[in-house]
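**Student:** First, the structure itself, so that you have it in front of you.
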Amino acid sequence: MSRISDTDPPNAARSNGAAHVAARDDSAGPAARAGRRRLLRWAGRHGKPVGGNQVRLLCGGRDFFPALIEAIDAAVLQVIIETYIYADDDVGRAVSDALIRAAARGVAVRLTVDGFGAGDMSAELMQRLRDAGVQLRVYRVMRGFRLARRHLRRLHRKLAVVDRRVAFVGGINIIDDYNHGPFEQEGLGARYDFAVEVRGPLVDRIALTAERLWWRLSLRAELHDVGLAGAAAGYPLVTDLPPRRDTEGGMRAALLLRDNLRNRRTIEREYLHALGAARDDVILANAYFLPGHKMRRALLACRKRGVRVRLLLQGRVEYRLQHFATHALYASLLDAGIEIYEYAQSFLHAKVGVVDESWATVGSSNMDPFSLLLAREANVCVYDPAFAAVLRTQLERAIAERSVRVMPEAHARRSAVHRVANWAAYMVLRLGVVIAGVTGRY
């Protein structure tokens, strides 16, 4: 497996399978330039609910990948995918095959992967995609590692949009649920994660989000071509596609972004608003849980108002430093009456929540400094009792059947060594936040 590079063969090395790209190059025209300017100016609408949507919960790769591949196979105009990890495993190859089939039909296909998360994407797989006419780009190619803010600002969101007809948002990377990489353990179950399939007016906003990132980073030279210099000109803008004006259902939903421009705190503020309005019950499932002061105060305030709060957190040691740092927060949460459950069947990767009967969120954002202070993230919030009930049922089943509750008495009996290790890990992570220059909420 060779690491991603931005020094691959030039555009001329592509096969004839991508020749159709050049045939529809109208990017130099005034209309295309105006469209790009609109995309770069487009901001401020994230987080505002829009009605008329149909939002379907997808539980793990068993639901997500068949739905994604079916949508790609039905594409007639355009497919856009953003992902943090793109593995060269059975799932990655199946998605790649679908993208290649779409490109062969003349569909404009754009794939953006993160330069760190997808750093081991094989050269062979990239070449297959390039040869088929898939436009593949890498967000912030890694050239060595330094604890610098730029290197830590990753593309962590997972989006897919097909023909402005259907969109997918969630926490699921392009990787097999049973591919646990260096953490392979015999008998380990499928990774626990969620995504949503969206149809209706919200799809436009998701499409514009993906398009805006594509062109903003292209123009700023912050996005690196993988042997496809100049090929972007051959693909129509999303704004060239007919806008959606029809509705698909009765659900109100919002797209929430976190970036380093206008949406630095959009996702965090939505969580704080939902927690502040909670009356009865809160369930949050989060893989990497290290919330800042405001989030912790909001959780404690829920308990003071008599709200039941349940946290479903990572039960297996995936990243040791983060795991120990999270445990440093347990005592104050448990003392307040917050219920903590650790997922035991496999690795938890979900970033979802339900508050009362009609607020739910599914997305890519963890409650940790990486997601809330540095990375590009995307969540969908759904304000619908039926959807909230479906997600709540899934979480309560996982809590009851596949998790272990952390009891306050047992946690209080931890050895001195464990206490010191937990707080040392927490302080090291806080120091990392300081060094990265993103202090304030931690």
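Note: Cβ is positioned from N, Cα and C throughout, glycine not excepted.
Annotations in TrEMBL come from automatic prediction, not curation.
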**Student:** Region 'Disordered' per TrEMBL: which of the ranges 1-31, 32-62 is that?
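**Tutor:** TrEMBL lists region 'Disordered' for residues 1-31.
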**Student:** Give the nonlocal contacts of the domain 'PLD phosphodiesterase' (344-371) in its own chain as ranges (CB under 8 Å, at least six residues past its ends).
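**Tutor:** Long-range Cβ neighbours of the domain 'PLD phosphodiesterase' (344-371): 57, 84, 152, 154, 156-158, 169-172, 180, 183, 188-196, 256, 258, 267, 270-271, 274-275, 277-292, 295, 312-316, 318, 322, 377-385, 387-389, 391-392, 395, 402-404, 429, 432-433, 436, 438, 442.
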**Student:** In the domain 'PLD phosphodiesterase' (344-371), how many residues does DSSP call helix, how many strand, and how many coil?
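**Tutor:** Counts, helix then strand then coil: 3 helix, 12 strand, 13 coil.
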**Student:** Please spell out the DSSP helix, strand and coil residue counts for the domain 'PLD phosphodiesterase' (151-178).
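**Tutor:** Once the DSSP states are binned, the domain 'PLD phosphodiesterase' (151-178) shows 2 helix, 12 strand, 14 coil.
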**Student:** What's the CA-CA gap between Asp163 (active site) and His156 (active site) in angstrom, rounded?
**Tutor:** 23
